[in-house]
């Protein structure tokens, strides 16, 4: 059975840990959400192929900037996450996360993931953003950023409602099993 290492990165509080907990337990976490979810390994079937999917959470806070790259070696696919209701986290994909991932792993496939999809149409959330002269990130904006960073796919999901959640991980597996021909064949990430 093929083993796939999937590492999840993005700003603090964009919902990386909730994404992983919701996917692996089929339940949105209650009050307590840890900073970092323990590494998790699951046997899953995608396109009738059995795969051992290893999920690695990371802490997005700056305090972890030196430690985080230690989880990057041998990564098969990255999920770079931003919150659809946090324009700052969207900008940081370009400013921080894409450069960091590419520095350590020049050819590992990336899936860009917009989280908190359930809040994009939430009146209170929209109102709070409006007060700061901001708005939620739209699907076309997400697609444009995905193209800019040469992401394999752009997907949106909600860990709360689970809408689009399984697709994120299925597509992460497909990005490894069915690599796009334009990418270099050597994908494993190594620490230099």
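For all residues, glycine too, the Cβ spot is worked out from N, Cα and C.
Quick caveat, the model's predicted, so the values are computed rather than measured.
In this structure, residue 16 (GTP binding site) is part of a helix by DSSP. Annotated GTP binding site per Swiss-Prot: 10-17, 57-61, 115-118, in sequence order.
For the motif 'Effector region' (32-40), the model gives a mean pLDDT of 71. Here Swiss-Prot flags 32-40 as motif 'Effector region'.
According to Swiss-Prot, the O-linked glycosylation site annotation covers 32, on the basis of experimental evidence.
For residue 39 (ADP-ribosylasparagine), the count of additional Cβ atoms within 10 Å of its Cβ stands at 13 [all protein chains shown]. Annotated ADP-ribosylasparagine per Swiss-Prot: 39, in sequence order.
Swiss-Prot lists 189 with the feature S-geranylgeranyl cysteine.
Under the heading cysteine methyl ester, Swiss-Prot lists 189.
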Tell me the coarse DSSP state (helix, strand, coil) of residue 117 (GTP binding site).
helix
Cβ contacts within 10 Å for residue 13 (GTP binding site), all chains included, total 15
Rounded Cα distance, in Å, between residue 16 (GTP binding site) and residue 39 (ADP-ribosylasparagine) is 13
The one of 10, 16, 61, 117 whose CB sees the fewest other CB atoms within 10 Å, among these binding-site residues
61
I'd like the number of other C-beta atoms within 10 A of the C-beta of residue 58 (GTP binding site), please.
22
Distance check, please: Cα of residue 58 (GTP binding site) against Cα of residue 39 (ADP-ribosylasparagine), rounded to an integer number of angstrom.
10
